[in-house]
Amino acid sequence: MVGFARTKFCKNLSSLSDNGENHEKPYTFEGNRQTVNDICNVLETGPWGPSAENTLSALSFKPQPEFVIGVLRRLKDVNRAIEYFRWYERRTELPHCPESYNSLLLVMARCRNFDALDQILGEMSVAGFGPSVNTCIEMVLGCVKANKLREGYDVVQMMRKFKFRPAFSAYTTLIGAFSAVNHSDMMLTLFQQMQELGYEPTVHLFTTLIRGFAKEGRVDSALSLLDEMKSSSLDADIVLYNVCIDSFGKVGKVDMAWKFFHEIEANGLKPDEVTYTSMIGVLCKANRLDEAVEMFEHLEKNRRVPCTYAYNTMIMGYGSAGKFDEAYSLLERQRAKGSIPSVIAYNCILTCLRKMGKVDEALKVFEEMKKDAAPNLSTYNILIDMLCRAGKLDTAFELRDSMQKAGLFPNVRTVNIMVDRLCKSQKLDEACAMFEEMDYKVCTPDEITFCSLIDGLGKVGRVDDAYKVYEKMLDSDCRTNSIVYTSLIKNFFNHGRKEDGHKIYKDMINQNCSPDLQLLNTYMDCMFKAGEPEKGRAMFEEIKARRFVPDARSYSILIHGLIKAGFANETYELFYSMKEQGCVLDTRAYNIVIDGFCKCGKVNKAYQLLEEMKTKGFEPTVVTYGSVIDGLAKIDRLDEAYMLFEEAKSKRIELNVVIYSSLIDGFGKVGRIDEAYLILEELMQKGLTPNLYTWNSLLDALVKAEEINEALVCFQSMKELKCTPNQVTYGILINGLCKVRKFNKAFVFWQEMQKQGMKPSTISYTTMISGLAKAGNIAEAGALFDRFKANGGVPDSACYNAMIEGLSNGNRAMDAFSLFEETRRRGLPIHNKTCVVLLDTLHKNDCLEQAAIVGAVLRETGKARHAARSW
């Protein structure tokens with residue numbers, strides 16, 4: 001039927017569309033108001049269907065375009081409008097006029113529902129006319145007012161699809177809206193489309209574009225637009241110059257702002273107060289206060305009373321520089337010129353005092369300002385924020401009461417400040433009380449209120465209370481957001497309740513709340529930290545599945561998590577995936593990748609990355625140097641490690657005990673003990689305290705060098721410095737003492753370790769058993785051997801051989817033989833010496849059958865070794 005209407009319409013086009021030109025044909029319906037009312041009553045009182053159609057058909061009126069237009073102007077439901085629009089086509093078998101189509105588009109604009117736009121524009125295109133200028137503007141304007149800029153952009157693109165020419169004002173409205181939300185690329189696309197359509201850009205349009213690009217710091221693009229404007233024979237006006245000064249200055253391009261300032265007079269224009277004030281603000285922000293003062297004095301000299309905004313800017317400049325005496329003096333000068341300082345001027349001073357934490361001085365200024373201006377909401381909020389941060393809650397509540405008397409409280413902004421600051425100072429009960437006291441009729445909590453309280457409660461472990469507040473949020477008119485879910489997930493995981501954390505994520509999906517990249521990154525980080533590396537990997541894939549581009553933090557979390565889980569070898573592949581994607585590394589990302597390379601043995605790659613980091617302007621941190629120094633030390637490239645150590649010191653980086661310990665361990669392992677001692681001495685001179693790893697590294701080096709007496713002195717120093725030995729420490733000493741055959745002394749340390757409640761390692765057990773057996777203390781060795789096995793320990797070959805020899809030397813022939821058989825059953829090698837000692841004992845005790853077995857084993861072992869040598 002729609003196709004029929006289109007065909008018929010085309011046949012009658014000349015009579016209705018003025019030769020296809022896009023003109024609106026005015027229609028009036030002065031005498032038809034009642035008919036329109038009757039139609040609207042039918043459409044608005046019941047559902048659409050055969051009954052509604054029959055009722056409309058029964059109305060005694062002759063269908064006319066005027067009725068369609070009148071009805072569409074009244075309807076607020078786009079679906080009902082389309083149903084009526086189609087019913088009219090079927091009833092009359094006549095095409096709609098341009099004004100009817102435009103009226104339908106205006107219904108879509110009012111409802112912000114453009115689902116049928118493609119179809120309607122297609123019909124209009126076939127009919128040979130398009131949306132009117134006013135309709136086009138209204139559709140875009142409706143989207144802008146509803147903050148649906150992407151939909152507004154899509155409306156324009158759909159018009160272009162059907163070869164319609166979007167209105168000039170539709171483009172400029174959208175460009176202005178995108179400028180306000182810093183979407184400069186969208187602005188530029190629309191601007192280029194305007195040029196393609198032959199629209200002549202104005203200075204005002206160029207001003208909007210230049211401001212947008214400059215605000216985002218895209219200076220080259222902004223300057224390019226400025227050059228394009230000049231090449232279009234358009235002269236910059238004072239507004240454009242003011243925008244350039246302000247925008248370029250705010251992104252730190254002070255010299256460029258000066259250049260624009262000097263260009264003004266060169267081009268025959270005169271700087272106004274906005275020009276001067278903008279330039280003063282730029283200079284103050286750049287800490288060029290002397291130049292700002294000079295400019296303000298020039299302004300003051302040439303104008304009897306500079307504008308209040310100029311005074312406020314200069315006062316803020318003085319305050320930011322901590323020059324409060326000058327700021328107060330300027331207030332007096334302002335008064336002397338007959339200009340009473342405004343509340344904004346005082347708020348500027350209070351803001352600066354807040355940044356510096358000068359609470360008492362701020363309260364004095366607050367009392368002083370009452371002589372000139374009534375404090376406003378911002379004034380009270382600045383002070384309450386300061387007082388809560390400083391822990392002066394009683395004064396903050398007194399100020400809140402003053403606000404109430406002034407009619408400024410309750411208001412949700414003040415409540416949010418107080419709840420947030422109370423949470424951050426861990427005054428959770430007070431924050432909860434304030435939340436509960438909120439009068440929903442006067443002051444309703446918003447998303448910020450809920451977010452602050454949920455996060456505050458969660459951080460101190462009150463996750464169940466946080467969840468209850470979240471449930472209240474679900475019951476309220478506030479929409480949950482990714483910030484709330486991020487906080488809940490993180491805090492549940494941080495307090496050991498990972499299953500609840502997973503449940504929160506599922507709740508979020510069920511609530512149709514889309515996660516953002518920050519939430520997904522946080523969730524992935526939580527899973528890795530909770531020991532769930534496979535789930536962490538899966539979340540990284542989900543990030544991509546949700547059409548997010550993983551950023552530097554995503555990769556950093558993944559690489560760091562895999563390193564901790566023992567998959568450091570995957571760092572290389574992930575790093576190059578990151579590079580191929582064009583992901584820009586920050587310092588944290590560099591540090592994590594460098595650490596990963598070091599841990600998987602790719603120290604050369606780590607070293608190269610350290611150099612790349614420097615060339616790209618990122619300063620290596622103590623973490624960077626620590627990873628590479630440790631990596632080099634572990635592969636005995638100690639001279640290179642020491643050079644990096646010296647480089648870090650030359651850059652005044654505060655080196656920590658971990659870096660010193662890496663070098664001590666490295667030098668100790670290769671026997672360069674004197675250098676290890678020198679580094680330990682430097683560590684202590686720096687005021688650092690050696691940690692357990694430091695002492696264990698040094699002890700291990702001394703034991704390996706068989707300097708056992710020095711090791712014992714070192715052990716004593718360690719205890720004197722209040723560093724408690726652990727099982728590794730005792731294991732090193734026991735092994736060292738056994739190595740130099742001081743078995744009884746080793747056993748003393750063994751007993752000391754047991755008294756401390758430490759569980760010896762397998763190496764400590766086997767070393768001690770072997771040592772006691774070799775020392776002839778076979779009773780203790782045997783008891784220790786049995787206890788070790790009873791606790792699930794598995795003795796090694798050295799342990800069995802030592803026990804067999806010890807029992808043999810103690811003339812316990814059959815006990816020794818039993819262990820000999822046990823050793824054979826376990827498939828462990830038995831030394832020739834052990835066999836000889838056992839054989840001798842068995843012969844002495846007339847255990848001839850057992851001696852024959854041992855002799856046979858000894859012969860077989862000898863043959864095997866001879867064959868191996870021959871081979």
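In case you wondered, yes, glycine gets a Cβ from its N, Cα and C as well.
Taken straight from Swiss-Prot:
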- 97-131: repeat 'PPR 1' (REPEAT)
- 132-166: repeat 'PPR 2' (REPEAT)
- 167-201: repeat 'PPR 3' (REPEAT)
- 202-236: repeat 'PPR 4' (REPEAT)
- 307-341: repeat 'PPR 7' (REPEAT)
- 376-410: repeat 'PPR 9' (REPEAT)
- 411-445: repeat 'PPR 10' (REPEAT)
- 446-480: repeat 'PPR 11' (REPEAT)
- 551-585: repeat 'PPR 14' (REPEAT)
- 586-620: repeat 'PPR 15' (REPEAT)
- 691-725: repeat 'PPR 18' (REPEAT)
- 761-795: repeat 'PPR 20' (REPEAT)
Which residues, given as numbers and ranges, are at least 6 beyond the ends of the repeat 'PPR 20' (761-795) yet have a Cβ under 8 Å from it?
727-728, 730-731, 734-735, 737-738, 741, 743-744, 746-747, 750, 753, 801-803, 805-807, 809-810, 812, 815
Other than its close neighbours in sequence, what residues sit by the repeat 'PPR 11' (446-480), given a CB gap under 8 Å and a spacing of at least six beyond its ends?
412, 415-416, 419-420, 422-424, 426, 428, 431-432, 435, 438, 487-488, 490-492, 494-495, 497, 500, 508, 511, 513
Spatial neighbours of the repeat 'PPR 10' (411-445) far in sequence, C-beta under 8 Å, 6+ residues away:
377, 380-381, 384-385, 388-389, 391, 393, 396, 400, 403, 452-453, 455-457, 459-460, 462, 465, 469, 476-478
Could you please provide the mean pLDDT value for the repeat 'PPR 10' (411-445)?
89
What residues in the same chain, six or more past the boundaries of the repeat 'PPR 9' (376-410), come closer than 8 Å to it by Cβ-Cβ distance?
343, 346-347, 350-351, 353-354, 357, 359, 362-363, 366, 369, 417-418, 421-422, 424-425, 427, 430, 438-439, 442-443
Contacting positions for the repeat 'PPR 4' (202-236) when only residues 6+ beyond its ends and CB under 8 Å are counted:
172, 175-176, 178-179, 182-184, 187-188, 191, 243-244, 247-248, 250-251, 253, 256, 267
In the same chain, who gets a Cβ under 8 Å from the repeat 'PPR 3' (167-201) while lying at least 6 residues past its ends?
133, 136-137, 139-141, 144, 149, 152-153, 156, 160, 208-209, 211-213, 215-216, 218, 221, 229, 232, 234
Same-chain residues at least 6 beyond the ends of the repeat 'PPR 15' (586-620) whose Cβ lies under 8 Å from its Cβ atoms:
552-553, 555-556, 559-560, 562-563, 568-569, 571-572, 575, 578, 627-628, 630-632, 635, 637, 640, 648, 651, 653
Pull the DSSP breakdown for the repeat 'PPR 4' (202-236) and write it out as helix, strand, coil residue counts.
26 helix, 0 strand, 9 coil
Using DSSP, what's the helix, strand and coil tally for the repeat 'PPR 9' (376-410)?
26 helix, 0 strand, 9 coil
